[in-house]
Ligand SMILES: NC(=O)c1ccc[n+]([C@@H]2O[C@H](COP(=O)([O-])OP(=O)(O)OC[C@H]3O[C@@H](n4cnc5c(N)ncnc54)[C@H](O)[C@@H]3O)[C@@H](O)[C@H]2O)c1
Ligand SMILES: N[C@H](CO)Cc1c[nH]c[nH+]1
Ligand SMILES: [Zn+2]
């Protein structure tokens with residue numbers, strides 16, 4: 001190792017020259033000739049070059065199954081354990097480098113995203129000229145596997161006896177790599193770039209190697225359209241060792257890289273001449289102990305010990321040198337590390353030998369040499385993926401960004417570019433309405449919560465195995481049966497296929513247009529969660545209406561916009577216009593409405609469907625009592641229409657908690673994606689199936705309830721305390737009283753009759769909601785109201801006296 005004292009900075013570039021640089025032209029010429037030979041001769045050329053350069057006579061280029069099988073038995077247990085530990089650490093550090101998909105809405109409706117996609121065919125070079133570096137296979141194979149590269153081929157030079165180190169084969173098996181080729185040097189790189197009968201051409205070549213391997217990779221990248229990780233040639237280390245450094249540690253680290261090969265280079269910088277002297281003495285002492293002392297000694301000939309005035313100049317020298325490895329052998333390592341601008345990998349403090357990075361700390365040891373650390377990073381998970389960007393425009397997005405692009409394209413004189421936008425804008429603008437424009441683009445563009453689009457749904461045991469087998473041990477159920485009289489020990493069908501098949505026949509839709517929920521409330525909640533990002537989005541409700549819409553919104557931190565019904569509980573004339581201007585994600589329209597009982601006018605809903613960009617949810621919980629076609633019949637026409645129905649009302653199954661949402665198959669698939677896996681219990685499914693089988697009973701029951709409604713209307717109209725009975729298309733009546741409605745409510749309750757007090761609802765002052773009961777219950781209700789009326793009038797009379 002030559003010593004330099006306070007060299008003038010003008011001489012630094014000469015001191016920073018790598019030994020291999022001098023012979024680069026000859027090496028490049030040799031490598032080009034080898035490429036030619038492989039192109040012309042394919043596998044035969046590989047066999048010839050193995051004989052010539054590796055002194056190996058090969059029967060076959062590929063590692064055979066027998067060679068793989070023998071490998072593990074030849075690797076001692078302690079080495080196997082050490083390799084497994086290193087693999088775990090490398091996996092941990094590289095798995096943490098995974099990045100979630102990036103998604104940014106640059107303008108309203110202009111969504112850009114970026115996703116990492118693995119390089120499909122990768123070639124890994126594992127050096128083996130002077131020492132088989134099985135650790136390199138860990139460094140390349142682990143990230144290749146984590147990235148998900150489908151095709152992985154390994155090349156490594158054969159030993160003179162034609163074998164490949166069993167440890168390399170052991171690691172290959174650990175990583176699930178079965179294609180290992182006995183080829184080294186430039187010929188291996190040429191084969192990976194060009195392809196031969198045995199070696200598949202790959203998209204990207206990875207791995208370190210000597211000057212021939214490195215030059216071959218550079219040629220492959222420059223002329224053969226193959227990507228490479230980086231130039232990773234002969235190993236090198238630069239150590240900044242101040243007065244706090246331990247000379248023995250420093251010497252050991254220098255030798256650890258010098259022993260790689262004669263063209264390795266090691267450099268030590270210090271601001272203490274005493275330390276440099278001691279380091280040199282230690283190098284000489286330790287060198288003599290090394291088995292590879294000849295190799296290391298050659299490397300030391302082109303290595304340097306340099307005395308510099310202070311830490312700043314040491315850092316400046318190091319940043320100019322851009323070492324593959326930088327060791328900061330100082331108490332002040334963290335402060336110096338902050339100023340490092342060029343290095344492959346940095347080792348901090350006195351207790352961090354470079355060798356830990358070579359094998360097992362978790363960082364990658366495939367690193368840029370020869371000063372390439374100025375512009376390249378070492379291998380990482382990123383090296384094995386491409387980041388593909390995506391963009392999607394909604395109709396709104398096209399409208400806002402279109403003019404920007406048209407202007408720029410015209411300014412560049414690229415008329416076809418501008419036209420690609422103009423044509424689409426014209427199509428949007430000629431559409432009948434904003435909602436039609438959205439439909440033209442994508443009916444759900446901008447409507448589905450981005451996190452829902454991205455997430456993976458839960459996959460239940462019953463998703464993975466359908467039906468029954470003699471032995472079912474997949475879902476941690478209780479195979480002994482159930483406590484109690486009935487057997488519910490098995491999870492129910494998560495997709496409720498049987499019910500959906502029956503319901504689809506009954507309603508004239510496809511089974512995949514049906515979502516079943518734990519009551520309609522589950523569908524309401526999931527629709528809010530499907531579309532609204534908490535703290536950001538809003539829904540529209542039309543009060544007075546069913547209270548759960550607002551509760552679901554509040555629960556999900558979603559803003560509620562109100563579009564009140566007018567005095568006769570119909571949508572206001574400007575409803576569609578207001579909704580067209582709203583950015584809300586969905587509007588709930590309850591028809592027949594609860595608590596008012598009336599159907600919302602069909603034309604008003606239709607206008608909203610044509611103009612609103614969000615989902616239009618028509619809640620038909622009471623539709624069985626109405627004399628109007630269901631909105632289910634219009635689903636094909638309006639992809640953003642969702643119709644909710646329930647088994648709780650006309651079907652008389654409120655205790656089962658079974659609600660239904662009908663929509664396009666695409667929208668239902670989204671609901672299925674986010675629902676709890678077993679949201680409909682086995683008991684509910686059984687009962688619902690039985691009810692569906694008895695569907696012919698439904699009209700009779702409905703008719704009886706409608707008779708009861710007519711009878712109640714007739715009787716209530718005769719009571720003096722009843723001011724108005726609102727027309728009802730449901731199984732209840734909203735009734736306004738001439739007297740204090742809350743007083744009437746209390747008096748009914750004291751007579752054992754519970755009705756719903758709606759006096760506080762917008763537009764419902766003085767109103768109670770009365771459910772149509774059995775004939776007898778209806779009689780009791782009218783009787784009680786008659787008595788209450790009589791009491792009220794006698795009290796009024798006593799006040800007059
Ligand atoms: N930068 C890094 O990340 C990193 C990591 C590990 C190893 N390394 C370096 O990898 C290198 C490994 O070198 P190696 O030689 O031991 O193994 P190697 O596998 O890189 O090279 C061996 C091959 O070189 C070819 N070769 C040798 N002499 C030749 C000649 N005269 N003409 C044409 N081809 C010739 C042969 O085909 C042989 O198979 C070392 O320099 C080591 O420092 C670098
Ligand atoms: N130091 C080498 C990178 O330059 C990697 C290595 C492998 N085995 C030992 N060392
Ligand atoms: Zn090393």
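Glycine residues also receive a Cβ, built from the backbone N, Cα and C atoms like all the rest.
Since we're looking at a predicted model, the values are computed, not measured.
Mapped onto three states, the DSSP output places residue 210 (NAD(+) binding site) in coil. Under the heading NAD(+) binding site, TrEMBL lists 125, 187, 210.
Taking all protein chains in view, 22 other C-beta atoms sit within 10 angstroms of the C-beta of residue 358 (substrate binding site). Annotation comment: TrEMBL describes 235, 257, 260, 325, 358, 412, 417 as substrate binding site.
The feature Zn(2+) binding site is assigned by TrEMBL to 257, 260, 358, 417. In sequence order, 405, 409 are the residues of the chain that are 6 or more apart from residue 417 (substrate binding site) and have a CB within less than 8 Å of its CB.
Note: residue 324 (active site, proton acceptor) has non-local neighbours 232, 235, 236, 237, 343, 344, 345, 367, 368, 369, 373, i.e. same-chain residues 6+ apart with C-beta under 8 A of its own C-beta. Per TrEMBL, active site, proton acceptor is recorded for 324 (among others).
Secondary structure at residue 325 (substrate binding site), taken from DSSP and collapsed to helix, strand or coil, is strand. Around residue 325 (substrate binding site), the same-chain residues at least 6 positions away in sequence with a Cβ under 8 Å from its Cβ are 235, 236, 237, 238, 257, 343, 344, 345, 346, 347, 354, 357, 367. Per TrEMBL, active site, proton acceptor is recorded for 325 (among others).
Mean pLDDT, taken over the domain 'Aminotransferase class I/classII large' (487-785), works out to 96 on the 0 to 100 scale. Residues annotated as domain 'Aminotransferase class I/classII large' in TrEMBL: 487-785.
Counting every protein chain shown, the number of other Cβ atoms lying within 10 Å of the Cβ of residue 649 (N6-(pyridoxal phosphate)lysine) is 22. As annotated by TrEMBL, N6-(pyridoxal phosphate)lysine applies to 649.
Across the fold, the C-alpha of residue 358 (substrate binding site) and the C-alpha of residue 125 (NAD(+) binding site) stand 16 Å from each other.
Checking the recorded positions 125, 187, 325, 412, 417, 649 against ligand 2, none has a C-beta less than 6 Å from an atom of that molecule. For the binding-site residues shown (187, 210, 235, 257), fewest C-beta neighbours within 10 angstroms: 210. Comparing Cα positions, residue 260 (substrate binding site) lies closest to 210 out of the recorded positions 125, 187, 210, 649.
When the binding-site residues 125, 260, 412 are compared by the number of other C-beta atoms lying within 10 angstroms of their own C-beta, 412 comes out lowest. Comparing residue 649 (N6-(pyridoxal phosphate)lysine) with residue 187 (NAD(+) binding site), their Cα atoms are 78 Å apart once rounded. A Cα-Cα distance of 48 Å separates residue 210 (NAD(+) binding site) from residue 412 (substrate binding site). The 6 Å Cβ screen around ligand 3 retains 358 from the recorded positions 187, 210, 324, 325, 358, 417, ordered by sequence position. The recorded positions near ligand 1, defined by a Cβ under 6 Å from one of its atoms, do not include any of 257, 358, 412, 417, 649.
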